[in-house]
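These notes concern the structure reproduced below.
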């Protein structure tokens, strides 16, 4: 592949090796040093050239991208690359010739080397002005002293193909050659020890492969699709540069890897227009991407994580003709056959033989065009010598080997006269890991199925060619393209095709989930932010600051935010933030009582502050009560404390919210370059705080962001383009408002509210209700004139918004905003459905990249690319409604539920989910997702071994257990208890079905405190008592109450004995 940068130089994080920021992992060093010496001693004559000692000389840093075995050994053994360093391995000694900084870092390995393999490490520190000649002579004398048993001179091994670079290595090479010692090549020994990767190395390759596949799926494919759709002229080299930037910034393509740990393996390759080169040294030229009819586009990218390589290549067909479609189908089968042959115990040559056999059977005329190998080994080197997948390699495959399986057809002919589409080539490549039981395709996130790589834009030609395609290929191999509806195939019904596609999605999703769980780890924590401790709030720094006591009466010091209580003849101050509740009461003797309850650690509903955790043995004041004969004073004190406490808590809450905000860049106002794009008379949601009358404002598009402002100077909001995740424009179509909505990456503050969703809207008509209720004539001139005015107003508003959106889209299309990939998305109302995402019914509408509800608050914005799977619950059983549970790829995130969707929308939702490549399942009951996701993250390996998400497959589980009643015990209904009727549950994303265990825990906690309970706590006790009473009632009564409370039927626990995997 084209060579640009070097793996030499500093480590992946960019700092110098000799700095103090780096330490060598001694466990890894010990294990690998022992493996190195064991392998050398065991295969000394076969693979190591009978070498009695061998030297590894690492060259100085270079800007060229190259893969050297000397650099690979440095990284494999020590974790970093040490430029301009000479290592000499002897039976009882290891010599390092390097600078002082490197020697300091290497000092730590001396003890480990002695303990593991019994060798002494000798440091030869070279000064800057020294050429190292004296140290080299000392090393060579040590080698000569190591005589062989037969009295002959020892043999020194080196890497024969690596020419010396730099003065130090050239001088060493001359001294070794002129030393009279015998030389041998140790390349085969190093290749063999690098060929089988350990667990840590496999993890690095998996992360690199996941990054590579996501770059192809989330960046390259959408980028090419956009270029073709907008018919832009973009050079291959420009696509190469953009893709390289995307790989080097993994967060932008949805991969949570640190940018300092990743790099490219080679500059990304884009080829089209009849000029193709399938060799690894190919490069992207400056020709424009060619995407006319019968064209082929080859994309190949490779990325590294911690210096470990991965690779992927895909071929995309544009309006493919019969020859191209048939050749790709054969290549796809050939590639799969090669991957299937990667099993432990097979010979390496069997991989290429399996691929060749498929071509000879299905298309013998294409054998001359087949590449001469099926790929190579991959790891620290992009192409590992000795692991080429050709017909002559007799090495045996072992678990832990990793291959870049790359196969293609070159120099094929389409039979057309157009020179740019007359010649074409095809290429497929994947990174594959050999496992104990077979293989694992690490880059399968990016699909290579025909339906995902074949695009059809010329529909007239497609209709003419379709009968030919059907006559020449089997039904099972029919070509379904992205741009043609799969339902157009008359031989298979929509439902059957959907099931086939969903089965393929299930396989891909399980593999993707397995890789993600293996790469990221289970992770812990609930994502909650720390609460600011009351101990951080100080009313008085010293006793001298206390106000002078007037009388022994309760005082409120508003300046210092404290209350002073008379206790044993002294005025004791308490910060108002320590007060939980304050109340007053009057008895029959006209005595007034004031009761103050404080926040005490350990009581229910009281968060633990850092101060309370520090002082676990401290004694806290829980509550105090005072009696008074002056009811007016008591009422005044209670009111003052409540007001002061409310103001302090609001201020601290806003401060805590602002502390979690991500610092935004400054807005650059439009100057002389262009006038800001403006839209007037807009309202904003969420609205600014305060009791003043709400005012409309204007929205302006500036150089790097939007600014919304009203006539009040303090009412202003800046939204940076870089912080916008999704932008939506929804015209007034059967709605009362026209709106622009921005869903952000990071929160911003609007007034004193923290939000990720900002909306600007105009009401196109007012909701008017006639009080008299009388009907007006359809021919009433006033009525007709009023409707006409409303239509004109609505059309004018929609046109103004559309013009604003078009101008902003043009602005976002400029070169400086290309990386943001911003464009206003418009909801597809015809695909919408009714449901309850939060507490009220709403009309939910898909867009090209999201599922949204933008009219009612709180807003709903779900990014489709973040969805793991969708489970349609309460489907069937004669239900009028069903629920949708959306599980996100981030398992720490709560499952999003949309309840009470009419069953009439079921088929439309299934079709939409299928066309957007989202795997969905159906179940008859609601599931409690929180413990399910916890089980998955706690033991991801068991989750994968049990079939991944297939435990949700209702058809599979039912068909497996039709004749067995014992299988009913596979899934207990403990996760499907009836929904709690408590109105205090504010978790919008939590399952409506809660387990009894949680209820019992709450009741135990609430029974711990019998005194000092507030009205809110007493209300919770009453709610729990009602719940316990309901659990003792009959099933029919409970079902009737549920139907009344929620207006819909829920499945009773008796139906919950479904035949599915049980999560504990």
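Keep in mind that glycine also has a Cβ here, set from the backbone N, Cα and C atoms.
Using a Cβ-Cβ cut-off under 8 Å and counting only residues 6 or more beyond its ends in the same chain, the compositional bias 'Basic and acidic residues' (505-518) has close neighbours at 203, 206, 209-210, 440-442, 444-445, 447, 868-869, 889, 917-919, 936-937, 940, 943-944, 947-950, 953. Among the features that TrEMBL reports, compositional bias 'Basic and acidic residues' is placed at 505-518 (among others).
The feature compositional bias 'Acidic residues' is assigned by TrEMBL to 958-1009.
The feature compositional bias 'Basic and acidic residues' is assigned by TrEMBL to 1010-1030 (among others).
According to TrEMBL, the feature domain 'FACT complex subunit SPT16 N-terminal lobe' maps to 24-190.
Residues or ranges marked as domain 'FACT complex subunit SPT16 middle' in TrEMBL: 554-708.
The domain 'Histone chaperone RTT106/FACT complex subunit SPT16-like middle' annotation in TrEMBL covers 833-923.
Residue counts for the domain 'Histone chaperone RTT106/FACT complex subunit SPT16-like middle' (833-923) under DSSP, helix first, then strand, then coil, are 16 helix, 42 strand, 33 coil. Mean model confidence for the domain 'Histone chaperone RTT106/FACT complex subunit SPT16-like middle' (833-923) is a pLDDT of 92.
Taking H, G and I as helix, E and B as strand and the rest as coil, DSSP gives the compositional bias 'Basic and acidic residues' (505-518) the counts 14 helix, 0 strand, 0 coil.
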